[in-house]
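**Student:** Below is one structure. I have some questions about it.
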Amino acid sequence: MSRKQLALFEPTLVVQALKEAVKKLNPQAQWRNPVMFIVWIGSLLTTCISIAMASGAMPGNALFSAAISGWLWVTVLFANFAEALAEGRSKAQANSLKGVKKTAFARKLREPKYGAAADKVPADQLRKGDIVLVEAGDIIPCDGEVIEGGASVDESAITGESAPVIRESGGDFASVTGGTRILSDWLVIECSVNPGETFLDRMIAMVEGAQRRKTPNEIALTILLIALTIVFLLATATLWPFSAWGGNAVSVTVLVALLVCLIPTTIGGLLSAIGVAGMSRMLGTNVIATSGRAVEAAGDVDVLLLDKTGTITLGNRQASEFIPAQGVEEKTLADAAQLASLADETPEGRSIVILAKQRFNLRERDVQSLHATFVPFTAQSRMSGINIDNRMIRKGSVDAIRRHIEANGGHFPADVDQKVDQVARQGATPLVVVEGSRVLGVIALKDIVKGGIKERFAQLRQMGIKTVMITGDNRLTAAAIAAEAGVDDFLAEATPEAKLALIRQYQAEGRLVAMTGDGTNDAPALAQADVAVAMNSGTQAAKEAGNMVDLDSNPTKLIEVVHIGKQMLMTRGSLTTFSIANDVAKYFAIIPAAFAATYPQLNALNIMRLHSPDSAILSAVIFNALIIVFLIPLALKGVSYKPLTASAMLRRNLWIYGLGGLLVPFIGIKVIDLLLTVCGLV
């Protein structure tokens, strides 16, 4: 992607995030995060107590209470800053997209045809169903479908890809996106959306929306954090009468400090930032997610449906071998195959011409001088070829050639059937060549499996993800390629109905399914899949059915999408583990400091040997605030992701974030206590 990648702490974003952090101090903003709302209330309460102590209305150490109050406000500000910084990065990405939107005029046609009378209207007044004409140099004013014409289109403003693409009426390349530019020729387009509903508008809203909906896992975690907060709130509330009964009541300031240090403020302050950053990281790979729910679902996926062509294989099948029929010389087959392919501009056709040239020095003949009639490939005939000097040469699929021969009163040779099976078992696609009603032999078209793909599938398998290859090839060819690529299963001779049925079958087993698609025929399956990545080069129907759009139109990106989803879930889980483990050290810091005067036996818990009760409590509160700042980079970038089994991943995270969550606070609180003591601040 050519877009500028934002630095983690871009100065302009940091300044803006600090301003937003202050704005978020209002109660309406704080209420959305129950854990931090408790801290906000505690900050307000201790501020009032500090003022009362300073004015003499209440007894107590006003300076200590003010210090606690100040650091509680800092804790809230740091949590606000983390969320604002994540949102700011997304808004910066949205602003780069807004730059694509250009106020322009459109030529609205009165009739749906080229050459019809046109009215010049503002582009933002176009409605769904309006017909517009765009010519070379024009900006396409709306999302739509090409109903007439063909043109080269520069989509770099949307995709970041500088190479132009062809958009034309009919087929899967008729969809155009508003904001892109026509480089040559012309298009007549039917607008498919109303103002404010374009793909670009939706992209901006998705990456900019501060009022994003929480995902199911995020809601579940929030409920857990609220439950823990309530438990600690009740526990802290009972400590005041407990200490008062002992003859030395603990101050409200100390109790508030204890509560704030015990509740999971670390994950509470970073939870929103993690969710926003997940969508932002997805956008960084040029994938637009319609919601955080889609990103989260990607992390839970356990079945991947992968198209063979372009995802598992390179996609350009190359002629690798000429296999003559019984009684036919290989050179005769190669000559006929080359003649039939002279006008075939597909990669397969060109590779046949080149292979014949390499094997038998059969030079490519001048098409014009042959005075031949070329027969183009059609979906109905599934054959192509040439008529030359009373010779009728055809090449095509086995079934198509068989029907062609039988229609001309011939018989398909049994030995060629065997050769076809042999080619298919090797993972190649058989193409049969016939002259008249005589079968000359088979061309093997080899689809090359991408390097390293087998290892990636092995990693996915280790993570518990099943890979299924989807292909239109016959079962023998599909089985051979599946074995070579290392996928777990395959669906051969796939149809849209078969894809949809397969997705429903896996979902009935309780699995979450991810897939990619680009055509209108993929729309039902995309709508059914839990994670559906539509290609930006695909049809409008496919993009509307999916819950993600890949701007690069790269089917392989599906594996990366799953990795990002899993990384977001791992980040959330790891920081939750770290946050809860933190409480142990804070317990050893504050409990002895708060209650040792009443119960001297609790001094045994002061294993850190902190200087004084005041320094112990203040050190814990300061650490509680600072740890949020130190973890912001981790929340935004995500934890280091490695493809491991669920049990191995759990063990790794417990060691790193569980044990780390235990040890880091002990070290941090002790260091802060020493600094406070050396500086004479307590």
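Even glycines carry a Cβ here, placed using N, Cα and C.
Copied straight from Swiss-Prot:
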| type | residues | note |
| --- | --- | --- |
| ACT_SITE | Asp307 | active site, 4-aspartylphosphate intermediate |
| BINDING | Asp344, Glu348, Phe377, Thr378, Ala379, Gln380, Ser381, Arg382, Met383, Ser384, Lys395 | ATP binding site |
| BINDING | Asp518, Asp522 | Mg(2+) binding site |
| TRANSMEM | 34-54 | transmembrane segment |
| TRANSMEM | 62-82 | transmembrane segment |
| TRANSMEM | 219-239 | transmembrane segment |
| TRANSMEM | 254-274 | transmembrane segment |
| TRANSMEM | 588-608 | transmembrane segment |
| TRANSMEM | 616-636 | transmembrane segment |
| TRANSMEM | 656-676 | transmembrane segment |
**Student:** Could you work out which of the recorded positions (Asp307, Asp344, Asp518, Asp522) has its C-beta surrounded by the smallest number of other C-beta atoms within 10 A?
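**Tutor:** Each of the recorded positions Asp307, Asp344, Asp518, Asp522 was scored; lowest Cβ tally within 10 Å is Asp344.
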**Student:** Between Asp522 (Mg(2+) binding site) and Met383 (ATP binding site), what is the CA-CA distance rounded to a whole number of Å?
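**Tutor:** The Cα atom of Asp522 (Mg(2+) binding site) is 25 Å away from the Cα atom of Met383 (ATP binding site).
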**Student:** What residues, ordered by sequence, lie under 8 A Cβ-to-Cβ from Met383 (ATP binding site) and sit at least six positions away in the same chain?
**Tutor:** Val375, Phe377, Arg394, Lys395, Gly396, Ser397, Ala400, Ile401, His404
**Student:** Among Phe377, Ser381, Lys395, the binding-site residues in question, whose Cβ has the most other Cβ atoms within 10 Å in this structure?
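**Tutor:** For the binding-site residues Phe377, Ser381, Lys395, the Cβ with the most other Cβ atoms within 10 Å is Lys395.
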**Student:** Of the binding-site residues Asp344, Ser381, Asp518, which one sits closest to Asp307 (active site, 4-aspartylphosphate intermediate) when you measure Cα to Cα?
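**Tutor:** Nearest candidate: Asp518.
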**Student:** Taking the transmembrane segment (254-274) as reference, which of 34-54, 219-239, 588-608 has the most Cβ pairs under 8 angstroms?
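**Tutor:** Answer is 219-239, with the largest number of Cβ pairs below 8 Å.
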**Student:** At least three Cβ pairs under 8 Å linking the transmembrane segment (219-239) and the transmembrane segment (34-54), pairs spaced 6 or more in sequence?
**Tutor:** yes
**Student:** Under 8 angstroms for C-beta pairs, at least 3 of them, ignoring pairs fewer than 6 apart in sequence. Is the transmembrane segment (62-82) in contact with the transmembrane segment (616-636) by that rule?
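**Tutor:** Contact between the transmembrane segment (62-82) and the transmembrane segment (616-636): present.
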**Student:** Report, as numbers and ranges, every residue of the chain located at least six residues beyond the transmembrane segment (616-636) whose Cβ falls under 8 Å of a Cβ in that stretch; write 'none' if there are none.
**Tutor:** 8, 64, 67-68, 71-72, 74-75, 78-79, 81-82, 85-86, 89, 254, 257-258, 260-261, 265-266, 269-270, 273-274, 277, 280, 571, 575, 578, 582, 586, 589-590, 592-594, 606, 608, 610, 664-665, 668-670, 672-673, 676, 682
**Student:** Using DSSP, would you call Lys395 (ATP binding site) helix, strand or coil?
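**Tutor:** SS state of Lys395 (ATP binding site) = strand.
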